[in-house]
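J.: This is the structure I want to talk about, given as structure tokens.
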Amino acid sequence: MVLSIFKVLWNNLKQGPSTDPFPFGETFTPARLRGKVAVDPEACVGCGVCATVCAGNAIKHVERGDGSGKDFYVWHNTCTFCGLCQHYCPTDAIRLTNNWSTAHRNEDKYKMKEHEFVAYARCPQCDQAMPNMPHAMLDHIYGAPTEELEAIYKLCPECRRQKAAQQFGAQIHD
Amino acid sequence: MSNTYTIPVGPLHVALEEPMYFQVDVKGEVVQSIEMFAGHSHRGMESLALERNFFQNIVLTERVCSLCSNNHPLTYCMALENIAQIQVPERGQYLRVIADEVKRIASHMFNVGIGLHVIGFNTLFMHAMEVRETMQDLKESIWGNRMDISANTIGGAKYDLDDELEAYLRKTLEELKKPVEEFKHMYATHPQVKARTKDVGILPPEAAIEYGLGGPVARGSGIDNDVRKETPYAAYDKLKFNVVLGEGCDVRSRALVRLGEIFESISLIEQCLDQMPKGPICCDPLPDIPAGQAVARSEAPRGELIYYMRTNGTMYPERLKWRVPTYVNWEGLRVMLDKAKVADIALIVNSIDPCLSCTER
């Protein structure tokens, strides 16, 4: 019916513009919007799965020469906001925020990156550097970790072997 | 008036903003024959796919085309799952259907809207886009992007619905029914729309079979052919829906099939929400892909989409090849454009819902 077109037009007049008044007002930004990537260096184990699955090769892990840890780079201009890194991250260390503001001046293009330093943990016994093992990863692997595990998980592989052998030997003695 | 002229149509923006070049021989204003030239948007995607690992290719295939950007990674993942014998958890299958159908609603609404734009009825075109906008907001809220929703991954779905989003999804679909119903009524009854679309671009059912056409183009000519029905994938075997068929074999019939399918899609999503069990959404996140080859197919908004994949045991595919619906459907244009008016060419081209970025990739 021709009449119903007029109904649509009348409703449009009543409603006003359908577009958001951006940049003079707020625009629709849902909580799940896939925007700029954020990294939590405390939770990162440095496994590199995010860099492997990253579609645009926007994620780089660079080992520091002094063995103190890894530099974690995410280049926003190469990122496709696909969310694969977030999906495959075992400890939820990398996630997409709903911050979509990526407009920048051309001279700032090499600053459009997320840079975090993922420090290696130190063995409390021998001070050996090794990849950080956050509690989240422990939960992910073992469910609820036992007391024995809590005692040894911060040690380096060598000290852990000795400690585990001692614990095992003590059990045999009993 | 007996002279025959050759006129160029395209290559830029024949109907959609996509390049395709038609060399049309006309006598007066009646099309005598057409020659089609493609290849303007070739991006070398099949080669690019070989340089990326399986996970990166999920995103690459999604970027093949924005309107069926859920079906490409879905079919790609299904092909990989066939090779690696991965069972997708039941919830993941339902989530895949939901993503698929939301994209289908948006795609069909877009195509019918563009059809109206082509005939110069911009008021109704803008209204179609406004109705579609609710789907765009829905995609942005659930998946976080308006077009590339990134819903699939190897072994399942990448997103989950909580109670709040499920309620939002139900509410949005409920609110969509009335505007689409009104829109369909306007499309079907408006005299000017009818005058421009009825008996234009006739595709007899025999020709549809002969050319092997699929999707709403074939269904608009009464050919009952839907991959979701014939070889159900994801959770389609557990859901009830009708294959919408048209009788008119013309542009209008194809548009009405698309509008009818929107209601089937809404019903499919509602059934999914009712039946969906709790549980995992995705299997083992980093599966091993052995050497092998597989084919997977699905019903994209435009028709049947087929993926062929060969692997060699590494992280990279050895061959990835896809056949998209427009590749077969555009051959049907030879039939539809025969003896058509010059003024109807863009309208008829739009009625096959051409996707050249898929076809030329």
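Note: Cβ is positioned from N, Cα and C throughout, glycine not excepted.
Copied straight from TrEMBL:
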- B:Glu46: Mg(2+) binding site (BINDING)
- B:Cys65, B:Cys68, B:Cys355: Ni(2+) binding site (BINDING)
- B:Cys68, B:Cys358: Fe cation binding site (BINDING)
- B:119-283: domain 'NADH-quinone oxidoreductase subunit D' (DOMAIN)
- B:288-361: domain 'NADH-quinone oxidoreductase subunit D' (DOMAIN)
J.: Could you tally the C-beta atoms, other than its own, that fall within 10 angstroms of the C-beta of B:Glu46 (Mg(2+) binding site)?
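T.: Taking all protein chains shown, B:Glu46 (Mg(2+) binding site) has 13 Cβ neighbours within 10 Å.
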J.: Given the binding-site residues B:Glu46, B:Cys65, B:Cys68, which one's Cα is the least distant from that of B:Cys358 (Fe cation binding site)?
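T.: When the Cα distances are compared, B:Cys65 comes out closest.
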J.: Can you give me the residues near the recorded Ni(2+) site, meaning same chain, not B:Cys65, B:Cys68, B:Cys355 themselves, Cβ no more than 8 Å from the center of the site's Cβ atoms?
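T.: Near the Ni(2+) site, beyond B:Cys65, B:Cys68, B:Cys355, sit B:Val64, B:Ser66, B:Leu67, B:Ser69, B:Asn71, B:His72, B:Ser107, B:Ala300, B:Pro301, B:Arg302, B:Val324, B:Thr326, B:Ser357, B:Cys358.
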J.: When a 10 Å sphere is centred on the Cβ of B:Cys65 (Ni(2+) binding site), how many other Cβ atoms does it contain?
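T.: There are 25 such Cβ atoms around B:Cys65 (Ni(2+) binding site).
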J.: Of the residues in the domain 'NADH-quinone oxidoreductase subunit D' (B:288-361), how many are helix, strand and coil by DSSP?
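T.: Across the domain 'NADH-quinone oxidoreductase subunit D' (B:288-361), DSSP assigns the residues as follows: 27 helix, 26 strand, 21 coil.
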J.: Do me a favour and check the Cα-Cα span between B:Glu46 (Mg(2+) binding site) and B:Cys65 (Ni(2+) binding site); whole Å is fine.
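T.: Roughly 14 Å, rounded to the nearest whole number.
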J.: Run through the Cβ atoms and count how many others sit within 10 Å of the one on B:Cys355 (Ni(2+) binding site).
T.: 28
J.: Express the predicted model's confidence over the domain 'NADH-quinone oxidoreductase subunit D' (B:119-283) as a mean pLDDT, rounded to an integer.
T.: 89
J.: Would you count the other CB atoms within 10 A of the CB of B:Cys68 (Ni(2+) binding site), including those on all shown protein chains?
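T.: Here the count is 29.
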